[in-house]
Amino acid sequence: MGSKNQNKPPFQHNTALTTTSTITPSSLKKKYIADVVSEDKGQRLGFEKMVGTANNGRLRLAFSLVNGSQDLDLSSAPASNAGSECGGIEFTREDVEALVNEKMKYKNKFNYKERCENMMEYIKRLRLCIKWFQELEGEYAFEQEKLRNALELTERRCSEMEVALNNKEEELNLIILELRKSLASLQDKLAKEESEKKAAVDSLTKEKEARTSIERSQASLSEELEKVQGELDGANQRIASINDMYKLLQEYNSSLQLYNSKLQTDLDTAHETIKRGEKERSAIVENLHTLRGQHKSLQDQLMSSIASQDEVMKQKDALLNEVACLRMELHQTREDREHYQQQVQSLAAEVSKYKELATNSSELEEKCLSQGNQIQILHDQLAVAERKLQMSDMSIFETRNEFEGQKKLIEELQNRLEDAEFKLIEGEKLRKKLHNTILELKGNIRVFCRVRPQLPDDSSSNQAKVFSYPTSMEYLGRGIDMTQNAQKHSFTFDKVFMPDASQEEVFVEISQLVQSALDGYKVCIFAYGQTGSGKTYTMMGKPGQPDEKGLIPRSLEQIFQTKQALQPQGWRYEMQVSMLEIYNETIRDLLSTNKDASRIENGVAGKQYTIKHDANGNTQVSDLTIVDVQSSREVKYLLDRAAHSRSVGKTQMNEQSSRSHFVFTMRITGVNESTEQEVQGVLNLIDLAGSERLSKSGSTGDRLKETQAINKSLSSLADVIFALAKKEDHVPFRNSKLTYLLQPCLGGDSKTLMFVNISPEPSSAGESLCSLRFAARVNACEIGTPRRQLNMRTSESRLSYG
């Protein structure tokens with residue numbers, strides 16, 4: 001009984017549940033069936049409601065195309081009930097009617113125990129039948145949902161066919177009008193020919209001439225046919241040559257790809273040389289610091305030696321003065337000695353007379369000996385002082401020589417440091433040039449992936465890690481691996497930022513792209529991801545914390561700093577700013593003085609804004625407020641004003657969830673007064689609202705409407721990306737306000753970068769996998785080569801600019 005009766009219509013049990021006035025076993029059974037059915041009615045109704053939103057217990061995703069799911073097969077049968085409580089038992093209409101109309105047969109009418117056992121067995125069979133009906137009803141509801149989806153797909157295709165038929169009908173109407181005009185002209189010609197025929201009847205000779213002219217025209221037509229045949233052969237030859245040219249172009253395209261890979265390797269080598277230069281520069285700076293310390297210490301030693309030399313010179317002068325004094329004393333002493341000797345000689349002659357003077361002469365001799373000893377000691381001290389003076393002179397000479405050598409070494413290191421800085425600047429210029437060359441050759445939308453770090457409110461991190469990062473040279477910093485249900489998914493992007501990456505590191509990677517806006521390019525950077533994955537933090541940062549500023553404030557600071565730096569080269573810039581949000585498929589002006597200009601009050605819509613694209617790919621929004629700015633402080637004030645006006649709500653997934661798409665636009669016009677060049681650039685910075693599942697966000701009321709509008713616009717964005725990836729002729733940009741506003745960025749000549757933000761929580765693994773798959777599709781889209789908006793300024797524009 002596996003699937004024999006699966007395609008039969010569900011039994012209409014309500015028609016079989018009728019009651020009679022008499023109480024019989026049959027009526028009791030029917031009444032019991034009605035009671036059981038009424039008890040299970042709420043469950044069936046709940047199941048029918050759930051079928052509208054679930055398939056086999058899995059919630060329908062908002063982006064079925066993003067998840068890579070296929071269209072439902074119209075010929076697919078209902079799901080098997082082999083795993084249900086009924087096992088493999090199925091019932092036909094005859095089985096059910098026999099079960100309902102079955103009459104109890106009892107051997108003894110008054111044996112109530114036997115009757116209760118039979119009745120319980122019969123009730124079990126009835127419950128089994130009812131459960132089978134409920135499962136069959138659920139299966140058919142599931143099949144009905146599949147058919148409804150197929151019907152929606154068919155209706156969508158029919159609408160597209162109707163649009164095509166309408167276009168064809170307009171073309172046919174134009175053809176009919178042309179045919180009617182040609183018919184009128186032919187009728188006029190026919191009237192003329194009839195008059196000519198009437199005249200030709202009168203003259204047989206004219207008829208013969210007409211016949212000969214017809215024969216001649218036939219001959220000319222045959223000649224023209226031969227010429228057309230020859231032209232056809234020539235066209236075939238040209239088609240063959242065009243095919244050959246197409247092959248040559250394919251070969252040229254492959255050679256360009258090889259050249260692109262070569263440029264990528266050159267860029268990697270340039271990065272390595274820059275890194276080596278930075279390491280050498282850091283080492284040189286460290287050596288310079290050490291040499292400066294040594295130089296300072298040597299200078300201190302030199303100053304101390306000079307001070308000691310001055311002290312020694314002072315001591316030398318003092319010693320010389322002292323020696324002179326001692327010499328004078330010695331001379332005086334010698335004179336006294338000679339005088340005393342004369343006195344001694346005179347006294348010796350008179351010694352006999354003056355014996356009492358003998359003692360005095362002996363004392364004088366002792367005094368002379370002591371003075372002689374003192375003079376000898378002073379001579380020794382003078383010699384020692386002269387030796388110290390010579391040694392200090394030699395040490396000063398050696399210190400001066402060492403100081404000159406250190407000075408030459410410092411000069412040499414400074415020259416090497418200047419050379420390293422020059423090489424670093426040249427390498428940076430080469431990197432910028434290679435960066436722009438690669439972007440122009442690639443022509444694809446660049447994709448950066450950023451993983452949000454774990455937050456205190458997240459679930460415990462004891463679970464296995466969802467993301468890992470390859471460490472090989474080929475995928476280092478560009479690859480990310482995701483594990484879900486023991487299955488590994490690998491993705492490669494232009495850059496992957498791990499959770500510990502700072503705002504400064506992220507901005508360094510896009511700084512050259514922001515610089516392109518000042519060079520005259522159209523630049524678009526937008527953040528995509530689920531709710532709570534860190535998009536607004538990446539774009540705006542945390543208010544009041546300068547180290548955690550987002551990409552928008554940092555980009556504005558760089559633009560105004562570069563504007564000041566380019567003024568000496570003759571560049572003058574004018575900048576205009578506008579900010580809007582798309583809320584529930586309605587455009588709101590965030591800089592408007594009338595706060596409720598675009599809001600809906602009492603069922604009446606406010607101001608309506610329309611999006612227009614001109615032939616040059618420039619986008620204008622009617623009646624949108626545009627403000628001229630001169631500094632980053634003015635733009636910061638406008639950003640704060642727009643942040644207070646933006647729609648923000650609370651959901652179960654995010655305390656401060658953005659409920660709208662935020663679009664920041666800066667138009668830049670630059671003129672070089674010396675070269676007469678004029679550039680026009682546009683910088684679009686977009687913070688998209690996050691996709692979310694209703695089961696997780698718990699949105700109700702207004703939050704539910706906002707979620708549905710957000711998911712619808714992001715689904716339209718996915719349709720546009722898939723159409724671009726498949727290079728389809730028709731790209732549905734007009735399906736939503738968001739995609740129509742981004743049309744020049746996704747399908748024009750601009751430089752476009754997408755940030756895909758993902759959450760590291762295991763509970764968000766499904767949404768993260770969908771976001772990564774969508775980002776891979778975006779990275780494969782080719783949107784054309786970026787074109788610089790550069791013109792030469794005329795005399796009229798020079799006058800008007802001043």
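The chain as shown is numbered from 1 upward.
Glycine too: its Cβ is placed from the backbone N, Cα and C atoms.
Checked against TrEMBL, the range among 148-189, 316-357, 736-777 recorded as coiled coil is 316-357. Record note: among 197-220, 653-676, 197-220 is the stretch given as region 'Disordered' by TrEMBL.
Each of the binding-site residues Gly532, Gly534 was scored by the other Cβ atoms within 10 Å of its Cβ; the lowest score goes to Gly534. Under DSSP, the residues of the region 'Disordered' (197-220) split into helix, strand and coil as follows: 23 helix, 0 strand, 1 coil.
The average pLDDT computed over the coiled coil (396-430) stands at 81. Ranking the binding-site residues Gln530, Thr531, Ser533, Thr536 by how many Cβ atoms sit within 10 Å of each one's Cβ puts Ser533 at the top.
Tertiary neighbourhood of the coiled coil (396-430): same-chain residues 270, 273-274, 277-278, 280-281, 284-285, 287-288, 291-292, 294-295, 298-299, 301-302, 305-306, 309, selected by CB-CB distance under 8 Å and a gap of 6+ residues from either end.
In sequence order, Lys535, Leu688, Gly690, Ser691, Phe755, Val756, Asn757, Ile758, Ser759, Ser771 make up the list of same-chain residues 6 or more apart from Gly529 (ATP binding site) whose Cβ falls under 8 Å from its Cβ. Its Cβ taken as reference, Lys535 (ATP binding site) is surrounded by 27 other Cβ atoms within 10 Å in the chains shown.
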